[in-house]
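**Student:** So Swiss-Prot lists the following for this protein:
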- A32, G33, H34, D52, F79, D100, Q107: S-adenosyl-L-methionine binding site (BINDING)
- 300-311: compositional bias 'Basic residues' (COMPBIAS)
- 287-311: region 'Disordered' (REGION)
Amino acid sequence: MFQHKTVLLRETVDGLNIKPDGTYVDCTLGGAGHSTYLLQQLSEKGRLIAFDQDDTALQHAKEVLSDYKGQLILIKSNFRYLKEYLNEQGVTEVDGILFDLGVSSPQLDTPERGFSYHHDAPLDMRMDQSATLSAKEVVNEWRYEDLVRIFFKYGEEKFSKQIARKIEEARMKSPIQTTGQLVDLIKDAIPAPARRSGGHPAKRVFQAIRIAVNDELRVFEEALEQAIEVLKPGGRVSVITFHSLEDRICKTTFKEKSSLPELPPGLPVIPEEFEPELKLITRKPITASQEELEENNRARSAKLRIAEKRK
């Protein structure tokens with residue numbers, strides 16, 4: 001059963017300013033929480049196109065959203081191909097798009113997917129099970145320098161060198177096969193005082209490997225650009241991020257596209273061609289309420305940013 005508590009449900013969907021006859025995109029279908037709430041607000045003319053690369057999520061959505069067959073189009077794909085698949089559907093512009101980044105609870109909670117440092121399972125971490133690169137390959141075959149780079153860049157792990165060295169020493173004896181083995185190596189590499197603070201000692205390294213396996217940051221950056229391109233004037237994009245790297249991409253993109261360019265001094269009116277592409281709906285990110293945090297601890301690190309296309 002695909003059970004997943006949706007984060008910032010109403011804030012994200014209501015922030016899109018739903019038009020009942022509009023066309024919307026959920027780039028991260030997951031447990032279908034956002035999609036369900038959005039579909040409930042559409043008329044028979046409204047449409048939702050939902051992306052996911054996880055077969056389990058798509059099958060679950062087919063079952064729970066069977067009442068909305070006429071309005072819902074499910075696409076098995078990474079959202080980096082957003083424009084391509086919209087074109088296939090004959091869709092050139094949409095009224096709203098949402099992204100809920102990060103791993104869905106069922107992926108985290110299914111040990112054999114290899115995302116979780118709480119279960120011993122084969123090293124995997126592929127969002128798309130048909131993809132070739134897995135966590136096992138990264139851990140066992142990538143060079144020491146590359147491991148240090150991803151642990152530091154994607155995990156902001158200050159003990160990156162020590163952890164990469166431990167991995168290198170261990171894999172020379174025999175391949176590292178499971179998440180449990182990797183967790184033990186990480187714990188051995190981190191000094192005891194540091195292990196006792198800042199959450200689970202493997203959290204940052206697991207995040208870094210997952211981002212590398214799925215090329216998450218580049219994929220998101222590309223997809224966000226495409227999303228803004230296909231929005232109608234007045235259309236909105238809602239983005240939920242779960243760590244500072246994703247949030248930085250979103251914040252920077254929104255800021256660049258909502259800022260005025262350098263203009264000659266003394267212009268009485270800003271020429272239309274110089275008006276920024278976006279208007280910020282949220283100056284500061286929206287975070288989960290205390291009530292939501294009590295029900296769903298995974299919402300703690302969630303940040304929601306919303307922008308509207310001006311032209």
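The backbone N, Cα and C atoms fix where each Cβ goes, and this holds for glycine too.
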**Student:** With DSSP as the yardstick, break the region 'Disordered' (287-311) down into helix, strand and coil residue counts.
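**Tutor:** Reading the DSSP string over the region 'Disordered' (287-311) gives 11 helix, 7 strand, 7 coil.
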**Student:** Sorted by position, what residues of the same chain at least six away from F79 (S-adenosyl-L-methionine binding site) have a C-beta under 8 A from it?
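**Tutor:** Listed in sequence order, they are C27, T28, F51, F99, V219, A223.
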**Student:** Measuring CB to CB from H34 (S-adenosyl-L-methionine binding site), give everything in the same chain under 8 Å that is also at least six residues away in sequence.
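**Tutor:** The answer is T6, L9, T12, V13, D26, L98, D100.
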**Student:** Among all protein chains shown, how many Cβ atoms are found within 10 Å of the Cβ of D52 (S-adenosyl-L-methionine binding site), not counting that one?
**Tutor:** 27
**Student:** Of these binding-site residues, A32, G33, D100, which scores lowest on Cβ atoms within 10 Å?
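**Tutor:** Candidates: the binding-site residues A32, G33, D100. Fewest Cβ atoms within 10 Å: G33.
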**Student:** DSSP three-state call for H34 (S-adenosyl-L-methionine binding site): helix, strand or coil?
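**Tutor:** Its secondary structure by DSSP: helix.
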